[in-house]
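Undergrad: Annotations per TrEMBL:
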{"type": "TRANSMEM", "residues": "7-28", "note": "transmembrane segment"}
{"type": "TRANSMEM", "residues": "40-56", "note": "transmembrane segment"}
{"type": "TRANSMEM", "residues": "76-97", "note": "transmembrane segment"}
{"type": "TRANSMEM", "residues": "103-123", "note": "transmembrane segment"}
{"type": "TRANSMEM", "residues": "130-152", "note": "transmembrane segment"}
{"type": "TRANSMEM", "residues": "164-182", "note": "transmembrane segment"}
{"type": "TRANSMEM", "residues": "198-219", "note": "transmembrane segment"}
{"type": "TRANSMEM", "residues": "239-261", "note": "transmembrane segment"}
{"type": "TRANSMEM", "residues": "282-300", "note": "transmembrane segment"}
{"type": "TRANSMEM", "residues": "320-342", "note": "transmembrane segment"}
{"type": "TRANSMEM", "residues": "349-368", "note": "transmembrane segment"}
{"type": "TRANSMEM", "residues": "374-393", "note": "transmembrane segment"}
Amino acid sequence: MKVIKDSAIYLFGELVSKSIPFLLLPYLSRKLGVEGFGELSYYQTFLALFAIFIGLSQDGAVARYFYRYGKRSLDLVVTTGYAYTITIGALGLIACWVAKSEIMFYLVLSSIFQVFLVVQLSIRQCQKQALPYTLIQLGSAITNAVFTVLMLEIYETALVEKRILAVLCSNIFIAVLAYIIYKRKTATKIFSIAQYKLALWYVIAFGFPMIFHHGSFFIKGQLDRIFIYHRFSEADLGLYAMGVQIASILSVVILAINKALVPYLFERLKQGTVTLKRLQKWAMYSLFIVPIPSLITLLIPEQLFLWLLGEQFQGVKYYVALFLLSTSLIIPYLFLVNYLFYHGKTKQISYCSVLSTGIYLIALGGLMFTEIRYIPWASVVGAGGILPVLYFMTKRVG
């Protein structure tokens, strides 16, 4: 019963917290316009990029430490990871100050607190604290929306920058609050320099290979926007990015279910009640589900999208349908990659990701010099290309 209850709480929190930005889309689309939305999407790619190097997958390192060694000395890993983030983040802030790039300064600062927040969420998740996890999520989504509306209503110029500032304020507020609550419930321990060095080595050893893993996701999920921004118009990017944004609702649902079930999947793998063969079967069967969301979208009238977003977003339905296809391929991917995560095979995961990224880049490189409407197919090719590689990789580990 606890599995069902926790899963329901996680799913509720994930869906509600992620639905708030979605509900904000009609407001943002009208306030920023299609060109402003394209510019915002361009800068958001840098936020995702900075988080990879500043964060170094600390949420994964914290979760794996807890599952392997328990709660003992967990705070050592958390504190050491935060120290790493502050150090690397400070270097990034100095670089932005030297380059006199105010908007990049905000993005680096926002990524620092985003890392802090994600780690706090990971702590709650691995300890199966479903309600605190959900409250942090909801708090982040609500403050993000509130700060955004306040900024865009108070100011009339540089609205893209104001949206970025709103995200920064939200990240700072929730990350600091979550950390204060965490420290109040954590017994203070004194660790030696040698222990801090060991913890730093653990964070780096776990996180460094994951740079390639998350870097490949960045390339497949964000790099196209940088190319589109420089090759096509901001309006083209705005339409393209809106398609991605709407399709991401499906990934929210999939990842919410995954987050809720991963702790229990790892337990079943440890007990031997779930085997590799069963996971591989589930991955194969899930391929029949993949095209369904796209087919449903094609049946929806285009006018409904225009009613929600505004007349400027004519043609967005096409992009939504294609990005739903690539997003649906996350389902078989998660069945396989979670098995590798359980066994700590981060190098193998990175290898698969790099190979998949290579496939995607070849497709993107070829399609980039055609029309913008063909570029989403690169995402479909990249998402599907990793599946056979992962299948054989899990077979080798098993």
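A Cβ is built for glycine as well, from the same backbone N, Cα and C atoms used for every other residue.
Situate these features within the shown structure.
TA: Outside the transmembrane segment (40-56), and at least 6 residues removed from its termini, the chain residues within Cβ reach (under 8 Å) are 28, 32, 81, 84-85, 88-89, 92, 103-104, 107-108, 110-112, 114-115, 118, 160, 163-164, 167, 203-204, 207-208, 210-211, 214-215, 218, 221-223, 225-226, 229, 234, 237-238, 241, 244.
Long-range contacts of the transmembrane segment (76-97) within the same chain, counting only residues at least 6 positions beyond its ends with a Cβ under 8 Å from a Cβ of the stretch, are 50, 53-56, 58, 61-62, 65, 104-105, 108-109, 111-112, 115-116, 119, 123, 182, 189, 191, 195-196, 199-200, 202-204.
Counting residues 6+ beyond its ends, the transmembrane segment (103-123) has Cβ neighbours under 8 Å at 43, 46-47, 50-51, 54-55, 58-60, 62-63, 66, 74, 78, 81-82, 85-86, 89, 92-93, 96-97, 133, 136-137, 140, 161, 164-165, 167-168, 171-172, 174-176, 178-179, 182 in the same chain.
Same-chain residues lying 6 or more positions outside the transmembrane segment (130-152) and placing a CB less than 8 Å from one of its CB atoms are 5-6, 9-10, 12-14, 16-18, 20-21, 23-24, 27-28, 31, 117, 120-121, 124, 159, 162-163, 165-167, 169-171, 173-174, 177-178, 181, 260.
Nonlocal intrachain contacts for the transmembrane segment (198-219), taken as residues 6+ away from its ends with a CB within less than 8 angstroms of a stretch CB, comprise 45, 48-49, 52-53, 55-58, 60-61, 64-65, 73, 76-77, 79-81, 83-84, 191, 346-347, 349-350, 353-354, 356-357, 360-361.
Long-range Cβ contacts of the transmembrane segment (239-261) within its own chain (Cβ-Cβ under 8 Å, at least 6 residues beyond either end) map to 6-7, 9-11, 13-15, 18-19, 22, 25, 29, 34, 37-38, 40-41, 125, 130, 224-225, 228, 293, 305, 309, 313, 315-316, 318-320, 322-324, 326-328, 330-331, 334, 338, 372, 375-376.
Distant neighbours of the transmembrane segment (320-342): 60, 64, 243-244, 246-248, 250-251, 254-255, 258, 262, 265-266, 269, 276, 279-280, 282-284, 286-287, 289-294, 297-298, 305, 348-349, 352, 376-377, 379-380, 382-384, 386-387, 390-391, 393-394, 397-398; these residues of the same chain sit at least 6 beyond its ends, with a Cβ under 8 Å from one of its Cβ atoms.
Listed by sequence, the residues of this chain that lie at least six past the ends of the transmembrane segment (349-368) yet keep a Cβ under 8 A from its Cβ atoms are 209-213, 215-217, 219-220, 223-224, 227, 231, 337, 340-341, 374-375, 377-379, 381-383, 385-386, 389-390, 393.
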Undergrad: I need to check the long-range neighbours of the transmembrane segment (164-182): which residues 6 or more away from its ends have a CB within less than 8 Å of a CB in the stretch?
TA: 40, 43, 47, 78, 103, 106-107, 109-110, 113-114, 116-117, 120-121, 123, 132, 136, 139-140, 143-144, 147-148, 150-152
Undergrad: Cβ under 8 Å to the transmembrane segment (7-28), counting only same-chain residues 6 or more beyond its ends: which ones?
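TA: Residues 37, 40, 130-131, 133-135, 137-138, 140-142, 144-145, 148-149, 152, 163, 242, 245-246, 249, 252-253, 255-257, 259-261, 308-310.
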